[in-house]
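Note sheet for the following structure.
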Amino acid sequence: MNEFLAFVAERYADILAVIWQHLYISAIAVGAGFLVAVPLGILLTRKEKASHYVIGVVNVIQTIPSLALLGFMIPLIGIGTFPAIMALFLYSILPMLQNTYTGIREVNPATKEAARGMGMTDLQILFQVELPLAISVIMGGFRTAAIYTISWATLASLIGGGGIGYLVFTGLTNSNQDMLIAGAVSAALLAVLADFITKRFQHLCTPKGLRKP
């Protein structure tokens, strides 16, 4: 334990640097995934026939092992941070897409008809009725995507993407247990922290009348 603490004290600047890089690639991937998945999920609720095909394709991408997908990125766009972000972006889409689609689909049709009877347009119904009622489910998908992405980002270092994986795999290669443990503990703590923050964010985004006690 003393050796591990001494390693952390000596290399804390390097450890903080890879943690920041890990958060950077994860945040960009999830943010981009959110900007794609939510509008696409909304669109698919209006295009029922297309929804089965699109969600099916995204499901197929999700079943590709993470190492294999990272490997596919190398001949397509090379190595480095961008290919790692692209792979994580593709993985982040499914939970947010599915939850957006499901959340809006589960809004009571009678509620929408009542809004339409009050003279609301389709766009007003979307923003004032459907999205507020579905936001908890949508943010649940965001929470899942964030946790998964932070976990998968550990593999980004295998294609030069950096992040906490650098500590893990360098520690394995060099039989440096202190470095390996530092990476493993950092990855675990980030995942737990992401779960806590996104759970709280999901709660805050949910309308007060729909919040669980």
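One-based numbering along the chain as shown.
The backbone N, Cα and C atoms fix where each Cβ goes, glycine too.
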Residues flagged as transmembrane segment in TrEMBL, choosing from 109-128, 149-168: 149-168
Beyond the flanks of the transmembrane segment (149-168) by 6 or more, those residues with Cβ under 8 Å of it: 15, 18-19, 21-23, 25-26, 29-30, 33, 66-67, 70-71, 73-74, 79-81, 83-85, 87-88, 91-92, 179-180, 182-184, 186-187, 190-191, 194
